[in-house]
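Structure first, commentary second.
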Amino acid sequence: MEVKTSLLDNMIGVGDMVLLEPLSEDSFIANLRNRFDHNEIYTYIGSVVISMNPYRSLPIFTPEKVEEYRNRNFYELSPHIYALADEAYRSLRDQDKDQCILITGESGAGKTEASKLVMSYVAAVCGKGQEVNKVKEQLLQSNPVLEAFGNAKTVRNDNSSRFGKYMDIEFDFKGDPLGGVISNYLLEKSRVVKQPRGERNFHIFYQLLSGASDDTLKKLKLDRDFSKYNYLSLDSAAVNGLDDAANFRTVRNAMQIVGFMEDEVQSVLELVAAVLKLGNIEFKPESRCNGNDESRIKDKNDLKEMCELLGTEQTVLERAFSYRTVEAKQEKVCTTLNVAQAYYARDALAKNLYSRLFSWLVTRINESIKAAPKSRHKVMGVLDIYGFEIFEDRENSFEQFIINYCNEKLQQIFIELTLREEQEEYVREGIEWTNIEYFNNAIICDLIENHQNGILAMLDEECLRPGTVTDETFLDKLNTICAEHLHFESRLSKSSKFLTDHSLPHNCFRIQHYAGKVLYRAEGFVDKNNDLLYRDLSQAMYKANHSLMKQLFPEGNPAKVNLKRPPTAGFQFRHSVGTLMRNLQTKNPNYIRCIKPNDKKASHIFTDSLVCHQVRYLGLMENVRVRRAGYAFRQAYEPCLERYKMLCKRTWPHWRGPAREGVEVLMADLTVPAEEFSYGRSKVFIRNPRTLFFLEERRRQCLQDLATLIQKIYRGWKCRSHFLLLKKSQIVVAAWYRRYAQQNKYKRIKSATTVVQSYTRGWQARKLLRELKYQKRCEEAVTTISAYWHGTQARMELRRLKQEVRNIHAVTVIWAYWQGTKARRELRQLKEEARNKHAVSVIWAGWQGTKARRELRRLKEEARRKHAVAVIWAYWKGLKVRREYRKFFRANAGKKIYNFTIQRIMQKYFLGLKSTMPSMSPIDKSWPVKPYLFLDGVHSDLRRIFHLWRCKKYRSEFTEEKKAVFEEKLEASEIFKDKKALYASSVSQPFMGDYLEISKNPKYQKLNSAMDEKVLLADVVNKINRANGKGTARIFLLTKNSVVLADQKTGQVKASVPLPDLTSVSVSTQSDGFFALKLKEGSASAIKGDFLLSSEHLIEIITKLHRTGATAADSEQLNIDISDEFLVQFKHDKVCVKFIQGGPKNGNSVSCKRKNNRLLEVSVPSTV
């Protein structure tokens, strides 16, 4: 049986402030302190979660905790932010209700961490799968990017959000995330140019300088030294606990996961570097002849580097910092800027550049994480927005005024939705509703946002009216119109009660917000509301060649000059807040109120005064009173009866009827006063917390009694079980013993019977054996006598036969001996005759041998004498010749002999070369081996001359068609050799051109008739679809002036592109057949964007395109871009096509897949 717990079990303090008794501000703060000291940082006010920032890590956010709170009732476990996130997610998934989670609190209270916890919990409990995990990872990784560009270190928080963020997470019908949309509000862009003491600029500046590689900084023209940049404060550059270098790597990785391309990341970093360089530009005054002062740039090095980063001309930007052009109808007036105005223009450009970059980042992230608009989606919104700000140590300015206005609107919708939720529940349950008195801050919102007399309306009116406009004129207007307002205070107003209030300076005004009085300094209100950027600077930025400039400064387009004044910052923010409020009112709200326990950012410190101040301006006491004005506690009948049924004998242990009747019987038995509770349709409502605590105390006592009863019953059951076990064991032992004794007795009887049987059978067997032996001996005696008689007869016959044989053998032996004697006599006679003949032969042979040897010695002697005579004659003839020609040999005999020898060698060499000559093929590289080293040069020259002659003979046999084919092959070699892996396999393949035989094939007769020019190439290609990476078959036709794509089945022309509209062709370095035809921007053919195609004859197609484009008179040289990553323009979006080596699981085919909205990945099989 599952053990059910409750919010009321093992509670430290009071987990739900609605149950706090007695209710006062002191008891409220004491309860928060008690829970904070015991590491209980979450407390409820009904369905609202109060979150205390612990300033340290707690073991309450583990995966085990996520599983513990998953699919549990909101009040079932101790208070936790996971309980609220789970309640919101289950309401969205199961009840189809759009949800919003509103996280509020002042800076440093933990709002950003709370939003991360909510998103991580939802990501952990929703569905799994490759696509779902990818969406979840992109949603979670958008946080580090926005924190780097939108968060900064302040005196109150090391990671303070300086912008408001509202994220709508979209889910499908199963509750799996599909994507999201992020909205940002009022980035504190003034921080870019100036930071208060003890605070830093935005994190990205420090992360870039600390974490980027030396090569990256060199490209961005930056140095790691923070002190070299005027826009970076030095007193708080290093923050304990923040590793800027590691965070930069995290941001780069997060941008890659979200879907940023590498060139987009580089463009963003270039703009960040440009802002830093912009802050180093300084101006000096220079007097003109007319007496007016103008500004000049002191050191133009930083300006030059910034212009190189932005891709703009230095003179254009320098002029924009020195002059301002004002247009009115048909007139243009150019005025010079003094030093103060130049610095204002510089800072305005820096603020606008950074804020627009931040807005572009949000838009770019939304493009990656947005869900496909297929059907209606369920939405969960998470609002993480700056809390109410009141600075005591420095002036509250326009930013604090706007922030506090937003918090006034959130407080208003909080009160309205809380009361509405309370009232709807009472009506739904049939409980009588009593009106609740509360402070309605609508009067403060009206003071600020009224379209006629509101402070924002008057500020816009001052900014737009002609004439001299200053902060003083704006304050005068406030003093005139708002003087009688109860929540507006000014020392110069008509109200006399503030004339002597010295805590109220003359140039300030005070508004009494719901959170308390805030003193605002009017200085800077007009300029910050105007947020004016000179048109010269906008146009200079638009002219820049940087890829993002035209998107960030569209108003700088000279073709679209708008003389209408742009909307003010206050107007834009009021419109955004109004949209946000309307969006929140369509969703079911869930609140997280974040509280900062101390200003030291230290753990275990609880400052009562600081917490009390936050409790007041968050309206938490008022929220508790609203919840308790009706009924302090409510619970469904089933869990209520399950929890308290042991308090009544009629409901314990099981109640068989409806749960409501069981609760009614229970309340009646406990004699609870009728005015202390009410019965709704599905819940019981308890008015006073004392009644609930009374029930809990009775339940605790009853549980103790039940525990005693359970122990008693358990002990009795345990003893009975032990006795029955012993009894059962004794019976089993006795049964086994009786069985053992009977088995032994049976074995003894069986053994005795076996012995008697064996003796009896032995006696019988021996008796039978004796009888058989006697019978056998009788039979053997008869057989023996018979055998002896037959043996005697056989021996007598044998002796007779042997005698006959001996007689016959004696005759044969005698005859044989006589024949042998006769033969031996004849043999001796023959041998004697043979010996006589052999002796004669031997004597004759010896005499003939002696005679031959004597003749041989005579012939040898005669030959030796003849040879000696010949040798002596040869020597004499040689001596005679040498004596006759001795004088000639000394002069030129050696040279003649050398020339003769050389001529003979050369003759032999050429005759040998003639017989070993190689074939006439130009590709035959064989050549005879050189016979002598001194012929090395001649051998090489003859080989070269023969090859040239052979090539000339080969070329003379070419026709014009064959020559054109070889020229195309040569051009293909120049384009693709050692650059494209596919080229090697195409060398042996002839270029056919018309693979479809379009002129002969009747299927393409209609298409052939539609072509006015000769078709140079016709082939079937695949047109790649951007949405899914799949190909559609198309007919590709190339003529002298155009490229035509037609449908393969019908032959209908789908697209016709003139060759002058083609700017370049992009292919990869690998063995795939993908190529992109890039069209000229602004041409009629480029309306639908570039073409991404694939073909088996890529080398031939690109070569013919290149040759045809080069020969066309009205077209430029066609560029061939060979890279594994290139951009393709699809309508209005640029998509990166990236080629990677595929693994074994991809097989041997090329596959194209869509990774996200801006990336197509082509997997090419690796070649061995």
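Backbone N, Cα and C define each Cβ position, glycine as well.
Feature annotations, reproduced from TrEMBL:
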BINDING   Gly105, Glu106, Ser107, Gly108, Ala109, Gly110, Lys111, Thr112  ATP binding site
DOMAIN    12-700  domain 'Myosin motor'
DOMAIN    980-1166  domain 'TH1'
REGION    577-599  region 'Actin-binding'
Worksheet item: Of all the binding-site residues given, Gly105, Gly108, which has the fewest Cβ neighbours within 10 Å once its own Cβ is left out?
Response: Gly108
Worksheet item: Counting only residues 6+ away from its ends, which parts of the chain sit with a Cβ under 8 Å from the region 'Actin-binding' (577-599)?
Response: 32, 36, 45, 47-55, 81, 84, 87-88, 91, 97-106, 108-111, 114, 118, 156, 166, 183, 185, 379, 381, 383, 387, 405-406, 409, 413-414, 417, 421, 605-607, 610-611, 614-615, 618, 620
Discussion item. Give me the sequence-ordered set of same-chain residues, not including Gly105, Glu106, Ser107, Gly108, Ala109, Gly110, Lys111, Thr112, with a C-beta within 8 angstroms of the centroid of the ATP site's C-beta atoms.
Written reply: Asn53, Asn157, Ser160, Gly387, Cys594, Lys596
Worksheet item: Counting across all protein chains shown, how many other Cβ atoms sit within 10 Å of the Cβ of Gly110 (ATP binding site)?
Response: 23
Worksheet item: Per-residue pLDDT averaged over the region 'Actin-binding' (577-599) comes to what?
Response: 86
Item to complete: Using DSSP, tally how many residues of the region 'Actin-binding' (577-599) sit in helix, strand and coil.
Response: 9 helix, 8 strand, 6 coil
Discussion item. Let's check the environment of Lys111 (ATP binding site): how many other CB atoms sit within 10 Å of its CB?
Written reply: 27
